[in-house]
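Inspection log for the structure reproduced underneath, given as structure tokens.
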Amino acid sequence: MVKSFLKRTRETMSSFVVNNVAGESGRKLPQYIAGLAASGGALAAGTFLGWTSPAEIPLVQKQEYGFPISTEDFSWIGSMANLGAALMCFPIGILMKMIGRKWAMLTMVLPLLLGWLLIIFANNVAMLMVGRFFLGIGGGAFCIAAPTYTAEIAQSSIRGTLGTFFQLLVTIGILFVYGVGAAVNVQVLSIICGVIPLVFGLIFFFMPESPHYFIEKNREDDASKSLKWLRGNRYDERAEIEELKAEDAKIREDKITFVQGFKQRATIRALIISLGLMFFQQLSGINAVIFYTTTIFDDANTGLEATAATIIVGVIQVVATLLATFIVDKAGRRILLMISDFFMAVSTILLAVYFQLKEDDASQVANLGWLPVLAVCLFIAMFSIGFGPIPWLMVGELFANNVKAYVSPLAGVFNWLLAFLVTKVFTNLRDALGIAGVFWLFSGLSLLGTVFVFFIVPETKGITLAEIQRMLSGEKVRRSSGHSNPAMEDDEKPETR
């Protein structure tokens, strides 16, 4: 019944989009449907990422679960998800190669369900920590698998939009938990969150496997069916199949080991770019800004309760990320990343100045309560249009298939370990530098990140995954959009096409 409904919806709605007739590019809506379905795992990830905010006071101060949980215990409960996510990044790459992108993601429903069950029925701190660890395993896997899947099913013209779906669904998941958590207790909230992976599994089961995977397994007929599903029944998939076969043949010819992968110029460049983006994403100060949101809103005398403040932040995240989905394939990745990081630096400078003045003489900021509120809202918005979604999107774009299983997970591991370290070390950093000093540090790192994007990160808008590999190898790639690539111009070879 669900399958027939999805089929009718796809066929009916596809009449409103472009058909592959007379050289046109095929239907887009089925790709949006598959991309959204894959990003349902991000919705599940968003719920466990946001869960700590509404759960902390009831569990730590009110002992809602009937056993004591200290602040230190809860910090470990929150951080365990990061460790679980980091641990799973490498196995999911291998799993995607073995059983496919689709089934690798569907198997992640199991650790998500187990994690929520442990949290729902927890009677000690250890059960909560183990539950969060399993949630991290599921969520961390989706951070690698979903961007890879969407990058492989999407045509170049909409790949960026589909890639931002992941972060959009993460922010919607966080906002969902903030809103529901304000109305129900932690156990009921956890039960509701536990249903989401089941819904994801039910919907995604009916989506097609990546045609890239089918070509890797010499299943050309299945790849053809997958492309027909994704591009429409009137789409002539033969040219795309031949391109995928040629790319796969080259990969097989150039089959390499883990060590050899790091000797390829394109791989080294892609890894530097990916790790750099992950570094500047986590060191932008996003965790510190969210941590101090309630304090900042209280200082501004807005009259809002803590739950209302977090919901406002959640709404800003969703709206800004939604905006990014509409403009990332028009504006491009580089410009959004640079705007994002520069204005995050401006925001943290404003926060640093505010807290510095407050530390020196609180009376100086008596009438400036609006300033940190403005800075927080600007920061969240700028993070969400650039450094929130785009690093994960580019991880799915930058690595060739013959090294993706080895190297893509490195970016995920690096990101989650940084998130763990920042979360655990933040309190010590604040004690050593003061809150103003911490924000000065974050502002400097964001400015450095802006420079990194300008000189190192290439524009991948509007070019195929194969062309991205050629560009990273030093070849010049012709762009239909006419956008130049300053980060690659210094050492591009003459065009070989």
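Residue positions begin at 1 at the first shown residue.
Glycine residues also receive a Cβ, built from the backbone N, Cα and C atoms like all the rest.
Among residues of the same chain six or more beyond the transmembrane segment (32-54), those with a C-beta under 8 A of the stretch's C-beta atoms are 6, 9-10, 74, 77-78, 81, 105, 108, 112, 115, 132, 135-136, 138-139, 142-143, 145-146, 149-150, 153-154, 158, 161-162, 165-178, 180-182, 186, 189-190, 193, 196-197, 199-200, 203-204, 206-208, 229-230, 307, 310, 314. The annotation transmembrane segment is assigned in TrEMBL to 32-54 (among others).
TrEMBL lists 34-461 with the feature domain 'Major facilitator superfamily (MFS) profile'.
Residues annotated as transmembrane segment in TrEMBL: 74-96 (among others).
The feature transmembrane segment is assigned by TrEMBL to 103-122 (among others).
Here the transmembrane segment (128-149) has long-range neighbours at 38-39, 41-42, 44-45, 48-49, 69, 76-78, 80-89, 91-93, 95-96, 101-102, 104-105, 108-112, 114-119, 122, 163, 166, 197, 210, 392-393, 395-396, 404, 408-409, 412, 415-416, meaning same-chain residues at least 6 beyond its ends whose C-beta is under 8 angstroms from one of its own. Under the heading transmembrane segment, TrEMBL lists 128-149 (among others).
Among residues of the same chain six or more beyond the transmembrane segment (161-180), those with a C-beta under 8 A of the stretch's C-beta atoms are 31-32, 35-36, 38-40, 42-47, 49-51, 53-54, 142-143, 146-147, 150-151, 153-154, 189, 192-193, 196, 307, 310-311, 314-315, 317-318, 321-322, 324-326, 328-329, 384, 388-390, 392-394, 396-397. Annotation comment: TrEMBL describes 161-180 (among others) as transmembrane segment.
Listed as Cβ neighbours of the transmembrane segment (186-207) (distance under 8 Å, sequence separation of 6 or more from its ends, same chain) are residues 2-3, 6, 33-34, 37-38, 40-41, 43-44, 47-48, 51, 54-55, 58-59, 64-65, 102, 105-106, 108-109, 112-113, 116-117, 119-120, 138, 173, 177, 180. Under the heading transmembrane segment, TrEMBL lists 186-207 (among others).
The transmembrane segment annotation in TrEMBL covers 270-294 (among others).
The feature transmembrane segment is assigned by TrEMBL to 306-328 (among others).
Residues or ranges marked as transmembrane segment by TrEMBL: 335-357 (among others).
Residues of the same chain lying 6 or more positions beyond the ends of the transmembrane segment (369-393) and with a Cβ under 8 Å from any Cβ of it are 143, 147, 151, 160, 163-164, 166-168, 171, 274, 277-278, 280-281, 284-286, 289, 292-293, 296-297, 299-302, 312-313, 316-321, 323-325, 327-328, 333, 336-341, 343-344, 346-348, 350-351, 354-355, 411, 415, 449. What TrEMBL records for 369-393 (among others) is transmembrane segment.
The feature transmembrane segment is assigned by TrEMBL to 405-426 (among others).
According to TrEMBL, the feature transmembrane segment maps to 432-457 (among others).
What TrEMBL lists as region 'Disordered' is 476-497.
The compositional bias 'Acidic residues' annotation in TrEMBL covers 488-497.
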Please figure out which one of 74-96, 270-294, 306-328 racks up the most CB pairs under 8 Å against the transmembrane segment (335-357).
270-294
